[in-house]
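TrEMBL has this to say about the protein:
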- E164: active site, proton donor (ACT_SITE)
- E368: active site, nucleophile (ACT_SITE)
- Q18, H119, N163, Y293, W415, E422, W423: substrate binding site (BINDING)
Amino acid sequence: MTAFPDTFLWGTATAAYQVEGAWNEDGRGPSIWDTFSHTPGLVTNGDTGDVACDHYHRLEEDLDILSALGVGAYRFSISWPRVQPGGQGPVNRAGVDFYSRLVDGLLARDIAPVATLYHWDLPQELEDAGGWPVRDTALRFAEYARLMGEALGDRVATWITLNEPWCSAYLGYASGVHAPARTEPAAALAAVHHLNLGHGLAVQALRSTAARDARMSVTLNLHHVRGVSERDADAVRRADALSNRAFLGPMLEGAYPRDLIADTASVTDWSFVLDGDEAAACQPLDVLGVNYYNPTLVRQWDGASARETADGHQDGAASPWIACEDVEFVKQPGPYTEMGWNIDETGLTELLVRLHRDYPDLPLMITENGAAFPDEVDADGRIRDERRVDYLNRHLTAVTEAITAGADVRGYFVWSLMDNFEWAHGYAKRFGIVRVDHDTQLRTWKDSAHWYRDVVAANKLPG
Ligand code: FCB
């Protein structure tokens, strides 16, 4: 079956710091990603998001591209320091006006706004006060959510509180490959908790505003963890607890998994979890956002041979895999995207089916999926990115298989609408279905954009 349900929502996704630019305009405050990218040596080629895709100034042009693609929804993120420069206090009216124009521009084109409140750009002032490892950040986040609910709540269709809190906590505070570049495992686990708490408080805050009738969601980059053999079941369990159930537990079940607490006991006693926090984190959601790029393969380490760490992260103190010293991350067979990520869409089907089994009443939405390839512009100006088309086709087929198996999947968002600032990789990795020339800001549709437009129009895959 290659057709999708009639109400299936097709979209594309971006994030504020990756596309907007205008980093110091109209009262925007600095975020941890400004600090990170302006620190020599942390981002490939010294790239920064200062200009990015200049989306802040090219809003109308980009909205017209979305319209021409025919998508029913657009997932963007709100830059917290643009609308509340220091992360507390009154809103910055000019910043809010930008998102108000964005939302109105989408609605005028019949495109549903899907707004992510936090796609990693914490106001620097809040990091200076301790960042996500401190409780106050969760409270500040809820207040910011309330302000946005008041400003945009009557027009945003779906609110996503956090994007990939796994990355915020573990890459930001444990491996340090993302902002704020800290390598403190105990602080990373405290960040996990304050992200979970902030999520729940933000949903409550949104529901106290005009956003009360909108759909509430969170986006997780769940890891589809497989073991090399049945002997690796405990390694699978441990990686699954740290990467998936650390968020699913509090957010959807109102409790941290006991095995996670036990696994990490040498790192923290979790005393930052106060009475009532887990219940506060667990708010009813309308849809769960799932970001998927590739699966994860693990093996129990025998303690003797060289330990594999093939997930691209360093071994030792600066691993995002806290308390997983006995777990090997095993290289998976190709083909690979330019990120070095293996292409295996079967993980997406299996992940969606698992989520439906575990949370049968919670609809699912793929809020990111896509691939980086070193696209070439041919002499005729065309960008024949057939590997990206094949990646998208495979993963959309995997979505239809999950739907056939009973999973309630409501929509799919390509990452990304356009080439943008890929975090520590800068502009060196291109995920867009629309090419951006980073010198001229010229936008050019790749073959994948034409292909996606046809899929969206037909509501089914070709062939
Ligand atoms: C995800 C991020 C997104 C983008 C893709 C490639 O982890 O949410 O911003 O960078 O990866």
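In case you wondered, yes, glycine gets a Cβ from its N, Cα and C as well.
Annotated features, which come from TrEMBL, shown on the structure.
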| residue | record | contacts (Cβ under 8 Å, 6+ apart) |
| --- | --- | --- |
| Q18 | substrate binding site | G49, A52, C53, H119, S416, N420, F421, E422, W423 |
| N163 | substrate binding site | A15, S77, T116, Y118, H119, W120, T219, N291, T367 |
| E164 | active site, proton donor | W120, T219, L220, N221, N291 |
| Y293 | substrate binding site | N221, T337, M339, W341, E368, N369, G370, A371 |
| W415 | substrate binding site | T12, A13, N291, E368, N369, G370, F431 |
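Listed in sequence order, the residues A15, E164, E368, S416, N420, F431 complete the 8 Å Cβ shell around the substrate site centroid, once Q18, H119, N163, Y293, W415, E422, W423 themselves are left out.
For the binding site of substrate, formed by Q18, H119, N163, Y293, W415, E422, W423 according to the record, the largest Cα to Cα distance is 18 Å, rounded to a whole number. Neighbours of E422 (substrate binding site), defined as other CB atoms within 10 A of its CB across all chains, total 20. Under DSSP, Q18 (substrate binding site) is assigned to a helix (H, G or I) in the three-state scheme.
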